[in-house]
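So that you can see what the record holds, here are the features copied from TrEMBL:
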| type | residues | note |
| --- | --- | --- |
| BINDING | A:Asn136, A:Thr373 | pyridoxal 5'-phosphate binding site |
| DOMAIN | A:75-374 | domain 'Tryptophan synthase beta chain-like PALP' |
| MOD_RES | A:Lys110 | N6-(pyridoxal phosphate)lysine |
Number of protein chains: 2
Amino acid sequence: MKHVKYGKCVRCGRTYEAVPGLTTCECGGILDIVYDYDYIRQTLTKEKLKEREHTMWRYRELLPIEEDTAPTPLRVGWSPLYEEPRLAEQLGLGRLWVKDDGQNPTASLKDRASAMAVAKAAEAGARVIACSSTGNAASSLAGNAAAAGLKTYIFVPSRAPKGKVAQLMTFGATVVSVQGSYEDTFELSKAAIDRWGWYNRNAAINPYLSEGKKTVSLEIMEQLCWQVPDYIALSVGDGCTIAGVWKGLKDLYAIGFIDKLPRLISVQAEGCCPLNRAIATGEPWRPMEENTLADSIAVGVPRNADKALMAIRESGGLVVNVSDQEIMAAQKLLGAACGVFGEPAGVTGTAGVKKLCEQGVLGRGDSVVSIVTGNGLKDVANAIKACGEPISIPGDMELLLRAFADRGIVVE
Amino acid sequence: MKHVKYGKCVRCGRTYEAVPGLTTCECGGILDIVYDYDYIRQTLTKEKLKEREHTMWRYRELLPIEEDTAPTPLRVGWSPLYEEPRLAEQLGLGRLWVKDDGQNPTASLKDRASAMAVAKAAEAGARVIACSSTGNAASSLAGNAAAAGLKTYIFVPSRAPKGKVAQLMTFGATVVSVQGSYEDTFELSKAAIDRWGWYNRNAAINPYLSEGKKTVSLEIMEQLCWQVPDYIALSVGDGCTIAGVWKGLKDLYAIGFIDKLPRLISVQAEGCCPLNRAIATGEPWRPMEENTLADSIAVGVPRNADKALMAIRESGGLVVNVSDQEIMAAQKLLGAACGVFGEPAGVTGTAGVKKLCEQGVLGRGDSVVSIVTGNGLKDVANAIKACGEPISIPGDMELLLRAFADRGIVVE
């Protein structure tokens, strides 16, 4: 890879050759992929981009793949970026865009990381990829690997929701449901990966995954015609996504595609906010309980804490925590105002933007992009909790009129 | 609309001015929108298309909207068309493409019809749209209308699945759950629509909806660079979608974009196949029971029967019925071979293609496009039935080895 220098430990600075099976540093730190921006500047132009397919692979000069690595089969990326003037007005914001990343093949932003894992597995000559996860990482890996003709072994704790297991099984994954804790599950997956040498799709270990995720911010900037908003807001769990978002922005700045950098808004659930707490207090992050309905960001021990905290700090970012009630309210708000149906963790970023508006931190002078990271169809049970009950009546016009009147519904 | 001549009854031939609120003919027949192809041929070129946004509105010269009607806000259309050489080989087909229309904003092909309804409602100056439905028509209407700032009133029978009701409520629809049959629900919605003059999104009544749906075949042909496959296969319930698919193909033929027409493959569930039965027997269609798990095509009394039967016959089409077991098998097949997760009705078209291959009707000489009409996340309960159970063990390597051995799993 002429455009990639090496992987560099974010903790101790040691560098490693960027081979496909790259994992973590000897010191335990996570690696960051370092690019040769001088080289990239000579090979990638905004004009060239205009000619390309609308997938994440349009940015291949900024991605850690070989020149001849084929794009993965599913159409990942180039999710819609909607400007939402009505919602901006309602919140008291200058301008607001919603990036609906639930519009990906397996319905979450995680497809970007999993497609990258599939591409790197192909480079490594691997025929099998494995991970342990209960959620979007697993389903996106199973789907993207199936499309590429690769086998997957996926380890889930026995408490994993049946629907998510069904999605994995439909994609043909060999799913091992471990009767025990998530830790037991992770350990068995690790032993199996070591034993059989499967390619490891684990965002805590594989440094290429956040490079896949960064395509979301590359797209946002291209969709905004390289005009930089004041803020980009998103939900944060493990920390890998916000680190990727920041990496993409810095890439674009380094090659001169944008002339300034936005500030990040890191939104976590009140019941599980170890990273935001670290920023707010200035102290090192410490584990927390996982008390939130937003399961995809219920991460008490974030594995990408170093990268995430660095991203928030470098960007001069804001942090804000929201309650489960505020998350559910944001789900209804995005649905009703924008026609966007996000899962709880998916809408948490927007919940944070709303809260910052109410606190007067954000206002009419600010422009914000809010990323929705996953589709509400992933978690219908919580949507039911959030949205209330319909009007229930027998089929009679008089009863309909009375029901409307009782609820103060004035028919237009 | 300079490019639209009129609406013409498919039964008696009477014509009507194409006003936005157009409904059915006095004789009860459904109207077909008739275009001025000479005019369109002068205004639309393949070159012009290349410059346009990747949504269904790129085909506006072939759609029944005014020149100044704005595209609706959600990104509907331009779903991926995947070539599937591995699956083609497995089935014994020449070439096979899968059009994944579950990749639409509310996760089904119905978004194409609902976006059209929203555009026509805007032309009509309506602020409210209504329909009665339990499924994808309702959720797509609620989502697309919310994004456009229009209110929706949606009537569902009380047996409607909670998940679908939750999606409607999230999109801010006023949902009336009618304690009674679907017929009771339909009647109350009709009375309410008549009383308040809401815009009517009902594929049995509104002739513009199948014009929205036809964009799926316009896209297929453009994505294939106007090279016509031998067959296009899809599931059929009410008949509106297959009628739309055929209309799009005839449009392209009429303006010289394609030089021949493919044959349609109409796939219905064995337990509910009134249209296929009519074709197979040569007799008029008669109502049937609705015995299939593929709820979106469980339509015993299809409202668009005239248009659908005409489409199948004109195209020299094939009909094939599949069992629920064959539908479930197709769901697993598409998931494992292609990474595409479809709902039962969504994969029914592919189940039909598989069956016709097994019967020797289709073979190595044939090229087929199979449309997947909705996302599997819409109906997780049935996916669970289809996909079987995972391996369940405590977290122990010896037990994992034994479990693999017991199941004949040979690890690569």
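Here the Cβ of each residue, glycine as well, is placed from N, Cα and C on the backbone.
Because TrEMBL annotations are produced automatically, they should be read as predictions rather than curated entries.
Note that the structure is predicted; figures quoted are calculated from it, not measured.
Feature map: annotations from TrEMBL on the structure.
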| residue | record | CB count, 10 Å |
| --- | --- | --- |
| A:Lys110 | N6-(pyridoxal phosphate)lysine | 32 |
| A:Asn136 | pyridoxal 5'-phosphate binding site | 29 |
| A:Thr373 | pyridoxal 5'-phosphate binding site | 29 |
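Mean per-residue pLDDT, taken over the domain 'Tryptophan synthase beta chain-like PALP' (A:75-374), amounts to 95. Across the structure, the residue listed as 'N6-(pyridoxal phosphate)lysine' and A:Asn136 (pyridoxal 5'-phosphate binding site) place their CA atoms 6 angstrom apart.
Following the DSSP three-state reduction, the secondary structure of A:Lys110 (N6-(pyridoxal phosphate)lysine) is helix. According to DSSP, A:Thr373 (pyridoxal 5'-phosphate binding site) is assigned to coil rather than to any helix or strand.
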